[in-house]
Every structure is written in structure tokens, then in C-alpha cells.
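I have placed the structure first, in the form of C-alpha cells, so that the comments after it can refer back to it.
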């Protein structure tokens, strides 16, 4: 009989718990891009190799651009498995950003070429994963700064999405995506007012919706 392990949300985690949860084939999962007005929400799932440790893993938001790029390359080289999942603006508009993020996380885990024994997600919610019941799954609040596999996932997701914003900037340089990465800044609002809504904008987000009505 298959043993079912109930999912949980972990609010406080000790260093000892981090070590225990990091044993075996652990997939860390995180997202980048819930707040921007444009583009996909990007998620990543990473299974690290315990025999090839990576120093300096932490929340991607606390890393310099140079360090981000270096860690991205090291993760891609050393990890046992890396998968990126995304939800596009149409899916975000249809589902809302929370459910679209959960969908993207599910896609990231489904894309792993190694089956994890445990899935650890940053935050306080767990997606519906297409996994067997015996696979542990936990949401860890502020996990991107605590659990190495989640930190690695946050780095992969951020570098991936930032690169996509650079590509968008090359197509629409007047919007300034290289600088603000699609977030709701003054520059972005001014570009929306002057140049209008792009196909890649999230039409359900209020600043974009208001511009469509004007």
C-alpha cells in the first residue's frame, strides 16, 4: 500500500530541519515575476547534487548581477536536474496571478528528468503536483533564504526571466524593460501612457486595464 505523506506549510525552520529536509533527491521550487505588469511568471525546480556543493546560495533578490550570473552557471553545471516552468500573460489573465504561479510551479516540477523524493516550495502555498502520494511536499515560508535547493531555484528563475526582459527590451526599447524588468515603476507607467499596451502585457493588472479603458 502506498504511504501518503501529507503536505505542510513550515513557518519556522531550524538549521537542523534544513539539513533533514535537504537529504536525498530534493526539488527546490521558487518563482519570479508575480508583480510585473508584463511577461510570463517564471518558476524553476532544481535538484542539487549533494556530492557537488555550491557555496553562496541565497535568495536571488539579495545577490548582485555578477554573482547571480556566476551562480546560475554553477547551478546549471552541478545540479542533478533543472527545469523551468512558466505561465504566460493570457493564462495569468484567465486564472489570476496566484493560480497561474501554481500552474507554472507544477510545470517546472513535471519537467524534471529525475523524480524527486521531496518537493520544497518557497512561500505558504503548495501547487497540485502530478506526483505519487509518497513524495513529500512542503511549503517553507522564506525558504529561498533558508533551503539551498529553493535558493538555487530562485536564482534560475530570476536569471531566466531577467534575460527574457532583456529580449523584450530589444524589441521595445522605449519601454525601458532592461532597467525595471516589467515592474510597475514610474518609467513603466509613463511608457504605458505614451506608447500604449503591448501584446505581452497582463491585461488583468489594474494599471494595464486602466490604460486599455482610456
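All residue numbers here begin at 1 and follow the chain in the order shown.
Backbone N, Cα and C atoms are what each Cβ position is placed from, and that goes for glycine too.
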With 30, 31 listed by Swiss-Prot as binding divalent metal cation, identify the candidate in 93, 122, 162 belonging to that site. 122
If the divalent metal cation site is taken as the center of the Cβ atoms of 30, 31, 122, which further residues of that chain fall within 8 Å of it by their Cβ? 29, 32, 43, 44, 105, 121, 123, 143, 144, 150, 153, 154, 157
Identify, among the binding-site residues 30, 122, the residue whose Cβ has the fewest other Cβ atoms within 10 Å in this structure. 122
So if I measure Cβ to Cβ from residue 31 (divalent metal cation binding site) and keep only same-chain residues at least 6 apart in sequence, which ones fall under 8 Å? 41, 42, 43, 101, 104, 105, 122, 157
